[in-house]
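Below is one structure, written out as structure tokens; the observations come after it.
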């Protein structure tokens, strides 16, 4: 127990101690090397680099042992609470090493038996999953959403380990992310589950992510829905009983619960619907007592979330469309990827927003392209993160159609793709 508490204390910020730097070590799937041997070699690598600038990643190694067994070594999450990368003196920091291997298996389906057919009630991943690798870094937000969520879950686990009386200080292990569609709520939940599984790899051998299909729960074919929901949560309970696993239960579009309850009250839905809602809430209350479970929920319609459910959520975080600054970061990551793949060629250095601010947004040969990207970002405000990530592909498909393109040509195409997106939205709204 003391060792587990120590792991959590290391993961949480502490004013009185040296700052903690988290280093994620991606062990190759084919590697059978011991984690302790890998950690020893990684510490030798870090000892040769006293100062790093923000997040940093090594993909190539001089050490033959690391080259054989490690895919990458990454200093991560140093920029969650600061606007810009800062120089980090590794010698003055506590280094937390997290060694992990990705599960290549993909999701499986959890089915519930009904009289006439089997209903897919949930999808199930073993974490960390290859499918979610890199997802955390791809999500860009203006406020400290990611750091707040990490700190919340780490505090939840610490309070549990310290046996804090939950009657005196209440916490439910329930997170609610709400906001318009396409803002990355579900992706953030999955990325958070992956990140925490890696962050707590010294304590839990693996993670389990169960994504419940809310719509299936209220299927018209469910003659005994309440009993079937209980069956599904019994499967989840079986996972929770394995104390080597950190279990995440994801309920997407949780407003479905509210819709069913309200419709039942209005007399438009059978009483079976209200039994399903009550069964889900009861089961949530039961599983949240366990220290190795976190319940993640999302909603697209904030006003329709049931008060009974909202009261259960410790964190109610609004996730809105990205600002121009966040859009700039999203586009910048897309351009970096296309330059790495040599679809945009030759490679050219783009300035960050902070660097543009430092030169007063003055246009010159160095800043010209970055200023154009900033302008495109501003006119992209109002588009969801989901759409923004598609636009580079659409820009190429609609306006380039060539194996390679210069960055100037690509930015022109991206600008046209943004204009087209707003034109299509205007046409759709006029038809409604």
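The backbone N, Cα and C atoms fix where each Cβ goes, and this holds for glycine too.
Record features, source Swiss-Prot:
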type	residues	note
MOD_RES	1	N-acetylmethionine
BINDING	179, 180, 181, 182, 183, 184, 185, 186	ATP binding site
Chain-mates of 179, 180, 181, 182, 183, 184, 185, 186 with C-beta within 8 Å of site centroid, ATP: 298, 300, 319, 384, 385, 386
Residue among binding-site residues 183, 186 with least C-beta crowding, 10 angstrom cut-off: 186
Which listed residue (179, 180, 181, 182, 184) has most other Cβ within 10 Å, given these are binding-site residues: 184
